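Quick look at what TrEMBL lists:
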- 1-37: signal peptide (SIGNAL)
- 429-494: domain 'Ionotropic glutamate receptor L-glutamate and glycine-binding' (DOMAIN)
- Thr505, Arg510, Ser677, Thr678, Glu725: L-glutamate binding site (BINDING)
- 550-569: transmembrane segment (TRANSMEM)
- 627-648: transmembrane segment (TRANSMEM)
- Ile655: site 'Crucial to convey clamshell closure to channel opening' (SITE)
- Lys683: site 'Interaction with the cone snail toxin Con-ikot-ikot' (SITE)
- 814-835: transmembrane segment (TRANSMEM)
- 870-919: region 'Disordered' (REGION)
- 907-919: compositional bias 'Basic and acidic residues' (COMPBIAS)
Amino acid sequence: MLERISADARPKGQLGSWSILLISLCSLTSLLDSCRAERTNVGLIFENTNPDLEKIFHLAIEKANEQNEELNLHGVPVSIEPNNAFEASKKLCKMLRQHLVAVFGPSTNMAARHALSICDAKELPFLDTRWDFGAQLPTINLHPHPAQVGVAIKDLVTALGWESFTIIYESGEYLATVNELLKMYGTTGPTITLRRYDLDLNGNYRNVLRRIRNAEDKSFVVVGSLDTLPELFKQVQQVGLLTSSYRYIIGNLDWQTMDLEPYQHADSNITGLRLVSPANEQVLEVAKALYESEEPFQNVSCPLTNSMALIYDGIQLLAETYRHVNFRPITLSCGDDSAWDKGYTLVNYMKSLSLNGLTGQIHFDYEGLRTDFQLEVIELGVSGMQKIGQWSSADGFEMNRPAPAHTLEPDMRSLMNKSFVVVTAISEPYGMLKETADKMEGNAQFEGFGIELIDELSKKLGFTYTFYLQPDNKYGGIDPKTGEWNGMLREIIDHRADMGITDLTMTSERESGVDFTIPFMNLGIAILFRKPMKEPPKLFSFMSPFSGEVWLWLGLAYMGVSISMFVLGRMSPAEWDNPYPCIEEPTELENQFSFANCLWFSIGALLQQGSELAPKAFSTRAVASSWWFFTLILVSSYTANLAAFLTVESLVTPIEDAEDLSENKGGVNYGAKNGGSTFTFFKDAKYPTYQKMYEFMKDHPQYMTNSNQEGVDRVENSNYAFLMESTTIEYITERRCTLTQVGALLDEKGYGIAMRKNWPYRDVLSQAILEMQEQGLLTKMKTKWWKEKRGGGACSEEVDSDASSLGFANLGGVYLVMFVGSCFASIYGLINCVLSSYWTARENKVNFKDELLDELRFIIQCSGNTKAVKYPKNSGSSSNSNASSKSKGSSLSVDTLPEDPSDADVEAVRERRTNHAKK
């Protein structure tokens, strides 16, 4: 009894142990769920036009969690359309259910104000990175206070010694920033002019800028958003306000993130303030982590905008706060009056902290404003951004301009900060007007290889330039009537232009009036003509794989083999057979290789069709084997060549070089541009062919053109060749696929930049061009303008993997052979039918017409493969030999015997053969 009770108790003890383990696991799971529920969620509302904000938001949270293992920050980002207040409010209300401890607001004013209003009602910390003056209780504005930025601008104006200036501002919200400037002189000092540039004119600020240009001020303070500043400065350059005569201070702390490369060599004075220093090790480390697979420093001096850096600093500030406090967030809702009672406490604690972030020392005053900060003073120069000093709230402006570092050689520094006038002419692709619907002014309206070359030289040597168009678009030369220079060269000689660039050829005549740099492009005169035309296919193109000689020898070989087979077949005993195996002692033998059969055997082997004739003797087999081997190689070679001849079409061109052109082969006329270097080349040439071509062009002025474009159009539309530079031909043939260059270059010359005689900067420019050639920059530029821009590459050859289909013209001869053969066979068959009917009617004494009609009726029926014998003959009569089929030369007779012949039948056949042999 005790044993049974003890046994019953054991399972109950084991069950209790399992129950304890299960309860422990449930407790642990609950604990883990509790830990997960207590993670610290941080919200971010950002515009979908700036996805980098989300990237740095997550990066900052990741770094904060790595630095503090007890911290469990988790990001909750949402994107909105720019300035969409309704979307921002809706998504923020949805985020409030996720236990948020703080929200980073959007950067646009309308959306930020709505989000701030909701956070204020819920007492939720709101971290702002905008340029804003207000500071409500739940707000932590990480941006330096605009009023204090205005103080920095005022100190900078004072340090630079400006007395009168114009303030160019975007909208009314920026007036508070320049308030300190307006109070500088009171009512008795120099005049300060205010100009608003954003007048809702769809981004067209030129009218305002022209009024500013007409005023006397040369110094400007520009305050605006990063959305409008790039377009503003682009138009400032277009209206001529970006020269050495003008000075600028930019009041936006993000201006260094603009693409400032177009203004580096404008010889203007642009100064500004910067909050984020790219030399800061912490900034470089964050940028490297953020742009791990990208190029962060392209076209900008700093990879992080202020908003990105302030979001990063805000996360670090929040993480530092949670080192000291651990407030549990609650679920909030926009549909009730709930609020977080710890929100204001958290904001106040954050305002009391101080830390060093990407934007420098972060510290807030008693109002919660960031008024104590440091800014770098930077200046835009030829080498890019350069720090010239710093400003702080405590110490003001301190100048620290470094000594100028010249990387150029002393002779190259002679062009530094110089300004030149460059004349050009419209000639693709060297100088062109931009294809745009907008009205362009100044240098911005031009593009092309020559324009880019001058721009690259200006960047390299530090000078500025202004382009203008030659009115008559003539390059220049000596007028034969007046003896004076004209065109672009006259502009340079008269000092109206410092340089001239286009496809301007360096000639001895031109070098007598102006100087040139070393050639930036080498070329020669060539012939522009239409591409070779496809030769029309021949009717008997199937005979093209072999020459006429091969076809002749093939015919002779065919006849020779056929005759050999015929002779050897008659000579060889093995080729003579008993036609009737039932007759043991035949009186005559039959040979299958009649001359007709030999021809049939040879043609069957040649066409690889067979003939059912099998040689038996060694000699005939030897001839047949050699013929078969011959036809195997011949047919294989024919098939391979036929495929090539039918798919590869021949091209025909009337001219191949200048010799053909001078002879006017194919009736091709030719000419060149009037007064150009190409025509001058033929005029001064000593080579007889070129002299002959010059006489032709001089005697036929109707073939000369006033422009290259006119010549190109003539080539495309008539039987005409145009003489021009090879590089221009290369450019044209990349776009006009029916044209090509014919023959080799007729001479060698180069294009250079023209300048007046003894100009001191010639060697400097030549050295710079030589360096660009060595660096491969000129080749890269040529590829860009020849093969990529303005429709380049349209005629690039592409490998077509599909074989071109053959037309009827390619195979017309084959159809003709088949048609002629069929017609010949039909005519021969008809004649044979008529003659057969005639002889049958004559032998059997019946009407020929009736006999022929009976035969035709039977043929037309097209049914049945058997035919009744209309006039049977007596098999025993020797006179009925016409019923036997004759064989011409193969045997003496082909009479047939019954399946079981009697002695009389055999004797009758022998008698007919004997009589036939006697005949």
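Glycine residues also receive a Cβ, built from the backbone N, Cα and C atoms like all the rest.
Positions of TrEMBL features highlighted on the structure.
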residue	record	DSSP (3 states)
Thr505	L-glutamate binding site	strand
Arg510	L-glutamate binding site	helix
Ile655	site 'Crucial to convey clamshell closure to channel opening'	coil
Ser677	L-glutamate binding site	helix
Lys683	site 'Interaction with the cone snail toxin Con-ikot-ikot'	helix
Glu725	L-glutamate binding site	strand
Can you tell me how many other Cβ atoms are located within 10 Å of the Cβ belonging to Glu725 (L-glutamate binding site)?
24
Maximal Cα-Cα distance (Å) across residues annotated as binding L-glutamate, namely Thr505, Arg510, Ser677, Thr678, Glu725:
17
The domain 'Ionotropic glutamate receptor L-glutamate and glycine-binding' (429-494): DSSP-derived helix, strand, coil residue counts:
24 helix, 13 strand, 29 coil
Same-chain residues near the transmembrane segment (550-569), Cβ under 8 Å, at least 6 residues beyond its ends:
543, 575, 591-595, 598-599, 601-603, 606, 615, 617, 619-620, 623-624, 627, 630, 634
Please work out which residue of Arg510, Lys683 has the most C-beta neighbours within 10 angstroms of its C-beta, and give that one of the recorded positions.
Arg510
Nonlocal neighbours by CB distance (under 8 Å) for Ile655 (site 'Crucial to convey clamshell closure to channel opening'), same chain, sequence gap 6 or more:
Ile527, Phe529, Leu661, Lys665, Gly666, Val668, Ala721, Val742, Gly743
Taking the center of the Cβ atoms of Thr505, Arg510, Ser677, Thr678, Glu725 at the recorded L-glutamate site, which other residues in this chain have a Cβ no more than 8 Å from that point?
Tyr475, Asp503, Leu504, Met506, Thr507, Gly676, Thr680, Phe681, Lys749
Would you please pick out, from the binding-site residues Ser677, Thr678, the one with the fewest other Cβ atoms within 10 Å of its Cβ?
Ser677
If you measure Glu725 (L-glutamate binding site) to Lys683 (site 'Interaction with the cone snail toxin Con-ikot-ikot') at Cα, how many Å is it?
16
If you count Cβ atoms within 10 Å of the Cβ of Thr505 (L-glutamate binding site), leaving out that atom itself, what do you get?
21
Per-residue pLDDT averaged over the domain 'Ionotropic glutamate receptor L-glutamate and glycine-binding' (429-494), given as an integer:
89
Measuring Cα to Cα, how many Å separate Lys683 (site 'Interaction with the cone snail toxin Con-ikot-ikot') from Arg510 (L-glutamate binding site)?
15
